[in-house]
Amino acid sequence: MDKLIIKGGISLKGEIRIAGAKNSALPILAATLLTQETIQICNLPHLFDITTMLELLGCMGVQPIIDEKLNVEVDSSTIKHFSAPYELVKTMRASILVLGPLLTRYGQAEVALPGGCAIGSRPVNLHISALQAMGADIVVEDGYIKASVKGKLNGAHIFMDLVTVTGTENVMMAACLAEGQTVIENAAREPEVVDLANCLVKMGADISGQGTDTIIINGVKDLHGCSYSVMPDRIETGTYLIAAAATRGHIKLKDTRPDILESLLSKLEQVGAEIKLGDNWIELNMHGKRPQAVSLRTAPYPAFPTDMQAQFTALNSVAAGTGSITETVFENRFMHVHEMNRMGALIKVEGNTVIVQGVDALKGAPVMATDLRASASLIIAGLVSENETSVDRIYHIDRGYECIEEKLQLLGAQIRRVPS
Ligand code: EPZ
């Protein structure tokens, strides 16, 4: 397993390109199962999770073709199996996203029950109950979700007890080929849900309301092929902006979308950053100033994203003043706090809130990544530390950040990957 060695104390400066969104690319790759025609997907990020999803399609008998520009063409007409094995699901919970497409197109699906992960138990009960409301027979046995339906799924009026991103995506995909109309109330409003909906509409689906809390899908007979480019990754964007603010730097991010980051950008202005925006770029300049501590509370979109909570905790750890951060989406998303406190941070955990008292700088130390976004926060902590930090178990980071050390080196960071 590799680790990253970071020499802190350098302000990030320069400009980099943002990759396609992991959490949009994954459901869109699953959506290719909904048609017998070829789908071309562009702007895919080069990430382990994308490779895992392509492997999953492969083990069903669907052979994606990757062209010279790393765009992917998927023709799922060669599909032979309708199951997602535990070996793959255990490495990527988003494999659950093939459940809805397989069920609605082929009337059957067998998907390993995704286990919990570092950030929480991550149940999928809402996915299951919604599909059952659409007429699916579903049993969970031997660690597998075994689903089937005779004929077509039926459209249904579904109220999601909790806002669930992949739950909304699974039901939306299943509803595209169901008989009649499906209404999803309390639907997730995340931009990645909208991106998936826009791709499905391009494939011939009849969807409205995406981006609001009520999505309406009228089932159609078939979906056709199309070419679709995945939206930019707002979490990658936010991670680099937070890193630049924490290191008192000045960066410009290209090929991104400022319009879906309002909650973060307003927090970064409170931190003291000067922010400039273009259609597809964001510039952040701290003018060398120390960031001011701010408080925030995570919640479903458009509120502050839970996927940027750990990164902001790292920023607050070296900010002027004290800030509180409350996590309302996942029950155990403070694993990074203990590692940061080993680096000299002054962070207290009180239930689902952390109280962060800023210090001038952290002290480099060997630390261990526990999940994708915690890994990113430890890299930021390393960037704002005196001397050297080593972050171990960075396979977590490679799941969600494309070429992270190269991009940080382009921004002036002293970071290198070594085998551990
Ligand atoms: C998606 O996960 C993202 N992953 C996560 O990003 C993100 O943190 C999360 O949404 C919240 O925004 C992908 O899109 C691939 P949820 P998802 O269902 O869909 C509870 C990253 O770092 N819940 O919206 O799995 C659940 O326990 C990852 O890129 C149920 O109780 O999250 C959680 O408390 C991490 N039952 C809350 O809802 C269900 O059936 C929100 O989870 C489903 C969810």
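Cβ atoms here come from the backbone N, Cα and C positions, even for glycine.
Not measured: the values here are computed from a predicted model.
Lifted from TrEMBL, the feature list:
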| type | residues | note |
| --- | --- | --- |
| DOMAIN | 8-408 | domain 'Enolpyruvate transferase' |
| BINDING | LYS22, ASN23 | phosphoenolpyruvate binding site |
| BINDING | ARG93, ASP307, VAL329 | UDP-N-acetyl-alpha-D-glucosamine binding site |
| MOD_RES | CYS117 | 2-(S-cysteinyl)pyruvic acid O-phosphothioketal |
| ACT_SITE | CYS117 | active site, proton donor |
Number of other Cβ atoms within 10 Å of the Cβ of ARG93 (UDP-N-acetyl-alpha-D-glucosamine binding site) across all protein chains: 18
Spatial neighbours of ASP307 (UDP-N-acetyl-alpha-D-glucosamine binding site) that are distant in sequence (at least 6 apart) but have CB under 8 A: ILE235, GLY238, ARG373
Reported mean pLDDT - the domain 'Enolpyruvate transferase' (8-408): 96
Under 8 Å by Cβ from ASN23 (phosphoenolpyruvate binding site), same chain, sequence gap 6 or more: ALA94, VAL165, GLU190, GLU192, ASP233, ILE235
Candidates ARG93, CYS117, VAL329 (recorded positions) - the one closest to LYS22 (phosphoenolpyruvate binding site) by CA: ARG93
Cβ within 8 Å of the mean position of the Cβ atoms of ARG93, ASP307, VAL329: remaining residues of the chain near UDP-N-acetyl-alpha-D-glucosamine: ILE119, ARG122, VAL165, THR306, PHE330
Cβ neighbour count within 10 Å of LYS22 (phosphoenolpyruvate binding site): 25
Sequence-ordered recorded positions from ASN23, CYS117, ASP307 with Cβ under 6 Å of an atom of ligand 1: ASN23, ASP307
